[in-house]
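Novice: Supplied in structure tokens, the structure appears directly below.
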């Protein structure tokens, strides 16, 4: 995607492999900064502190992080240690584990002195696959938007959190259909949930849509149900950090409430995700997906730009009050209209996914 007319990806290696560059998403939307990662530890910290975030992107970042670490210690013990360190950064998104397992499986049989360059090459392939998958998700999802637009009016899409190009290498998942539809001339407007506590919708999704010229409106998290009751939303499209083999969707906290409101009001509710987000080993998302509990300070404090152009962090919660901060929730498959994948739109059922991924039937 483009920033001020210049194409960017969220992550890209420096020539020669001395560093991997990422967009520092903690600085958006008020500052656009590139950060260099030179070690596995720096990659892990970037994932942990959400300099990079979004399930597909943290998977790619972990892959490059493993490659960076193997430059210093390519031994068997080093491979296992670095992979374990990166895997522990964020427990919910399955793409992280998927990318590390893919690399580790390729690298273990190799002589140690060949592992680092092979890891960089494979991380690059994962990144390119992500771009292709997200573009395909965009094409499939755009057809859903176009079908709604055929009724003769603007299509209003509600999205939650940020599942755009900032959450992937490029294009995004939930926002990819919107970009493809918009670029094709389909009249589309997006309601952007602010997405507390980190305000990733207001800060990141709005930033993306504004840069791309997509009409949008930022709304408070609690406004979605009201909008649906009054016919203001035609469909919901969200991303996913982990989707079970039976179609349960784990996504940013608050997604479940939007799905309930959509179900009650007859609004189609879709999740957009690449195959790397599907956890084929799980059938019950509520019982089986570990939910990351983040620092309560994300709830009690807000950081933003002041009127004089500076930045400040303020406390917004009564001092001394206990805080809970689960980062994700699980939307049961029964509330999900469909799963938009790189191979097409699947029913949110085990059979629906297996029809798109028949090669998983033997493994399922």
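Residue positions begin at 1 at the first shown residue.
Positions of Cβ are set from backbone N, Cα and C atoms, glycine also.
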Novice: Based on Swiss-Prot, name the residue from 27, 35, 81, 90 that is recorded for the same substrate site as 53, 54, 55, 200, 251, 252.
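Specialist: Only hit among 27, 35, 81, 90 in Swiss-Prot's substrate site, alongside 53, 54, 55, 200, 251, 252: 90.
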Novice: Does DSSP put residue 251 (substrate binding site) in a helix, in a strand, or in coil?
Specialist: strand
Novice: Sorted by position, what residues of the same chain at least six away from residue 200 (substrate binding site) have a C-beta under 8 A from it?
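Specialist: In sequence order, 53, 161, 162, 252 meet the Cβ cut-off.
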Novice: Which of the three DSSP states, helix, strand or coil, fits residue 90 (substrate binding site)?
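Specialist: DSSP call for residue 90 (substrate binding site): coil, neither helix nor strand.
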Novice: Run through the Cβ atoms and count how many others sit within 10 Å of the one on residue 251 (substrate binding site).
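Specialist: So the number of other Cβ atoms within 10 Å of residue 251 (substrate binding site) is 28.
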Novice: Would you mind listing, in sequence order, the residues at least six apart from residue 241 (active site, proton donor) in the same chain with a Cβ closer than 8 Å to its Cβ?
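Specialist: The answer is 55, 92, 93, 94, 95, 250, 251, 252, 277, 328.
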Novice: Max Cα-Cα distance in Å among 53, 54, 55, 90, 200, 251, 252, the residues listed as binding substrate?
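Specialist: The substrate-binding residues span at most 17 Å between Cα atoms.
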Novice: Can you tell which of 53, 90 has the least company, meaning the fewest other C-beta atoms within 10 angstroms of its C-beta, among these binding-site residues?
Specialist: 90
